[in-house]
Amino acid sequence: MALPNKFFLWFCCFAWLCFPISLDSLPSRGEAQIVARTALESEAETWSLLNHLGGRHRPGLLSPLLEVLYDGHGEPPRLQPDDRALRYMKRLYKAYATKEGTPKSNRRHLYNTVRLFTPCAQHKQAPGDLAAGTFPSVDLLFNLDRVTVVEHLFKSVLLYTFNNSISFPFPVKCICNLVIKEPEFSSKTLPRAPYSFTYNSQFEFRKKYKWMEIDVTAPLEPLVASHKRNIHMSVNFTCAEDQLQHPSARDSLFNMTLLVAPSLLLYLNDTSAQAFHRWHSLHPKRKPSQGPDQKRGLSAYPVGEEAAEGVRSSRHRRDQESASSELKKPLVPASVNLSEYFKQFLFPQNECELHDFRLSFSQLKWDNWIVAPHKYNPRYCKGDCPRAVGHRYGSPVHTMVQNIIHEKLDSSVPRPSCVPAKYSPLSVLAIEPDGSIAYKEYEDMIATKCTCR
């Protein structure tokens with residue numbers, strides 16, 4: 001029964017395609033010129049909108065792709081980040097993203113946001129004792145207003161970045177003493193018991209450093225989870241006294257702790273719909289036929305059942321081959337050549353396909369806060385959809401039904417449109433209004449496939 005049904009469906013589609021199109025549905029030359037002029041005016045209006053995106057008043061017809069990037073960045077940053085911190089984040093961007101701005105597929109991290117904060121206040125607290133291996137303590141205050149409620153902390157580090165590599169003649173073992181304090185409250189607030197958390201981290205200085213990271217996830221995780229916006233901490237280093245006898249080792253640590261202000265680096269997972277969620281791409285759904293035993297080369301069936309399954313599959317393949325050979329037989333005489341006639345319907349000249357739309361953020365006057373990528377190609381879908389949409393577009397049967405309704409029953413029902421079907425994410429490195437730096441991965445920012453719907 002399957003073969004006659006397929007033949008009947010094919011015959012109906014064949015008859016529909018052969019049916020001549022009414023003259024009323026063909027646009028006149030004057031109408032075509034009007035349509036072309038309207039398209040040009042629409043394109044000019046789009047460019048006009050793009051050219052005014054940098055203004056203070058955001059247009060209401062802003063493309064959703066660009067609105068994600070523009071949101072909250074109507075003006076240039078009030079503060080500029082430290083040059084050393086910016087170089088570090090640029091290096092991080094190159095490690096995480098391609099030149100086109102898409103996240104690298106070989107990265108296996110589960111976070112999609114990295115934020116770097118420089119201290120908004122810093123002052124020396126205690127002089128220290130270099131002879132005993134204790135270096136001066138430094139008070140730091142970080143403002144985390146840019147961290148949203150949908151961003152969950154994965155990891156946090158104190159980052160020391162240097163203009164020049166710091167060298168040590170031999171490895172030096174040290175302990176970082178971190179004291180996190182409750183921010184001071186005004187006299188109007190109710191008094192509360194002072195909060196203080198002490199955290200020690202052991203590490204080792206080696207020969208050359210351009211930057212150094214100290215993991216502070218344990219003390220900061222409850223504060224970020226409770227949406228604390230001001231983090232007040234005191235940092236000092238204590239190193240083995242016998243290892244600081246060499247003057248170069250002592251001078252390197254002294255310059256690092258006093259002359260270089262550390263930054264706070266937060267690795268976060270943005271759970272909003274706009275963010276790219278790498279978890280789905282790292283854990284695809286396993287097919288039912290692929291069991292753990294099959295991956296190791298073992299069969300999931302006993303010998304008898306496996307043989308029976310092989311016989312059934314081979315018989316099924318023969319049935320499919322015979323059915324396909326019947327369908328491949330021509331339904332019309334070979335002398336009638338309709339290939340040129342069908343070509344205008346099945347393969348239109350302006351076929352639905354991807355087109356490039358390359359722009360630079362300097363055109364939009366966004367280059368003062370978007371650090372990378374410098375250029376963006378969101379791509380778009382444009383073209384005519386064929387009357388009989390094939391498997392190449394992945395369109396549902398409803399698309400063909402809509403075409404039939406438009407041509408045979410009601411012309412007010414629109415034809416299927418050429419629209420994006422798949423997207424890829426985009427990695428963006430941006431300077432926030434408060435001077436912090438953010439690396440973010442946004443979902444559905446670059447069209448990669450078109451379809452007719």
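Indices start at 1 and increase along the chain as displayed.
Using N, Cα and C of the backbone, Cβ positions are placed for all residues, glycine too.
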Whichever of Cys381, Cys385 is disulfide-bonded to Cys452 when Swiss-Prot is consulted: Cys385
Among Cys239, Cys381, cysteine joined to Cys450 by disulfide in Swiss-Prot: Cys381
According to Swiss-Prot, the disulfide-paired cysteine of Cys352 among Cys239, Cys418: Cys418
Cα-nearest neighbour of Cys381 (disulfide bond) within the listed recorded positions, Asn236, Asn269, Cys352: Cys352
Among Cys418, Cys452 [disulfide-bonded residues], residue with fewest other Cβ within 10 Å: Cys418
Integer Å distance between the CA atoms belonging to Cys418 (disulfide bond) and Cys452 (disulfide bond): 5
Cα proximity to Cys352 (disulfide bond), best match among recorded positions Asn236, Asn269, Cys385: Cys385
Residue pair Cys418 (disulfide bond), Cys385 (disulfide bond) - Cα distance, angstrom, rounded: 6
Assigned conformation of Cys418 (disulfide bond) - DSSP reduced to three states: strand
Rounded Cα-Cα span from Asn269 (N-linked glycosylation site) to Cys385 (disulfide bond), Å: 39
